[in-house]
Amino acid sequence: MRIFVTDQDGTEHELEALEGWRVMEVIRDWGLNIKAECGGSCACATCHVFVDAEWQDKLNPPTDEEEDMLDTVADYEANSRLSCQILMSEELDGLKVTLADSARQDEAA
Amino acid sequence: MSGNEIVTDVVIIGAGPVGLFAVFELGLVDLKCQVIDILDRAGGQCAELYPEKPIYDIPAFPEISGQGLTDNLMKQIQPFGAEFHFSQMVANVEKLEDGTFRLTTDAGEVFITKVVVIAAGGGSFQPKRPPVEDVEQYEGKSVFYAVRKMEDFRDQDIVIVGGGDSALDWTLNLEPLARSLTLVHRRDQFRGHADSVNKMRALVEEGRINFITGQLGRLEGENGQLKEVYLKTAGGELGVPATRLLPFFGLTMKLGPVADWGLDLHDNALIKVDTEKFETSEPGIFAIGDINWYPGKLKLILSGFHEGALMAQAAKKIVHPDQKVIFQYTTSSTQLQKKLGVA
Ligand SMILES: Cc1cc2nc3c(=O)[nH]c(=O)nc-3n(C[C@H](O)[C@H](O)[C@H](O)COP(=O)(O)OP(=O)(O)OC[C@H]3O[C@@H](n4cnc5c(N)ncnc54)[C@H](O)[C@@H]3O)c2cc1C
Ligand code: FES
């Protein structure tokens, strides 16, 4: 199972993902630039990603809690999601996301 | 600078759960504390990131919320009369010739202390900055992340961005002063208290404020003086006159000045300590809670509490080297119970 993550500098990384892991955890585990300050509790929005158009409809829609947290990112787009709220499963094999600037570890905007 | 130095036994940097419990442990060994936090209230991550969420691994509390834990800690340390200094960041720590430390905050307060306890957790909380070009050049002049003086907003064209309580509260508070006020949020739903949302909507209906669904695009102005903000909306770019901009996107933690105090660090971010006293590479400066590192470290509240207890014993020896520390239980020691005001 793998996911494709484009980092803030535009480089695409192909990452091995495990069933049941959160996409945030996969990205963090591979050492990409993600802050994920709250460790996946939907409390910080520093795991913000943009989901590729072809994958958007395959994800569970965001919960109210996730929508509320998305209010706290200043670089919101219609395809914005919190990667800690996306759980890896067979159906998401090949998922493509791009790390938002507001997820940067150094300068969580 | 005030010129008045506060002299104390211990200064604790950070009023998160670990800094708060340190007040208790230090209180039991008769040390007086001053506590400094950049936030305007106690609780650190518990109060800021998850006040309503339950914590399940605090001993003897099968379940307690982040705010509940903070409130209980404040109650527990009350007998020790620690003084709190909120809304300021410790910017500098310097060792004086007599072995004491001089701490300065960005609000100009100065502390002279025998012991420094760094309980700075994940770092200092700072407002999330919108990724808008040149925003730095306007900060402090026409872009603000908090309202310190309401008067600075009188007769101004104010744009407030955000959908939480800060955005709503300041919309309601500044409306009577403003020349014009525009609230901008990405959607027509708000996270704030229902009462504030209703009041805000009423103001929109009366035509006293504007509400625009959209996002911050770019800024226009000169020499830090904002003239107009351009919003990204469903209908395209929209310019709004603005001499003051208040973006409220919440807070994030940054390591901040802690990194510059010359202490040995792990991974450039965590302060190395020993596991006997939780002292840093600088004698007299301790680091407890999420900010420290030692082999096997777990970033848990429980661990921070334990670290505080051992730190207090070592701090006592520094402040009163001539006094013997006798180990006692709070259940059976009348002396300790007197300190707690229960005997
Ligand atoms: C969503 C979430 C859920 C969690 N759940 C649990 C759980 O179930 N169990 C558990 O044990 N832990 C949990 N944690 C972790 C726990 O919150 C931390 O371990 C704990 O808050 C650490 O406490 P602390 O006092 O060391 O630091 P913090 O809580 O980070 O507090 C540090 C304080 O220091 C202040 N500060 C920093 N630098 C300065 C400076 N230079 N000047 C002035 N002030 C400064 C900060 O503003 C802050 O208020 C959770 C964390 C999150 C985010
Ligand atoms: S890691 Fe904090 S919201 Fe996802």
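Using the three backbone atoms N, Cα and C, a Cβ is placed for every residue, glycine included.
Remember, predicted model here, so these are calculated numbers, not experimental data.
The FAD site recorded in TrEMBL comprises B:Q45, B:Y50, B:V90, B:F125, B:D290, B:T331 together with one of B:D37, B:D98, namely B:D37. Its Cβ taken as reference, B:T331 (FAD binding site) is surrounded by 7 other Cβ atoms within 10 Å in the chains shown. Checking the binding-site residues B:D37, B:Y50, B:V90, B:D290, B:T331 against chain A with a Cβ-Cβ cut-off under 8 Å leaves B:Y50. Taking a Cβ distance under 6 Å to any atom of ligand 1 as the criterion, the binding-site residues B:Q45, B:Y50, B:T331 reduce to B:Q45, B:Y50. When Cβ atoms from all protein chains are considered, those within 10 Å of B:Q45 (FAD binding site) total 23, not counting its own. Each of the binding-site residues B:Y50, B:D290 was ranked by the number of other C-beta atoms within 10 Å, and first place falls to B:D290.
Counting only same-chain residues at least 6 apart in sequence, those with a Cβ under 8 Å from the Cβ of B:F125 (FAD binding site) are B:I38, B:L39, B:E48, B:L251, B:T252, B:M253.
Note on the domain 'FAD/NAD(P)-binding' (B:9-297): its mean pLDDT in the predicted model is 96.
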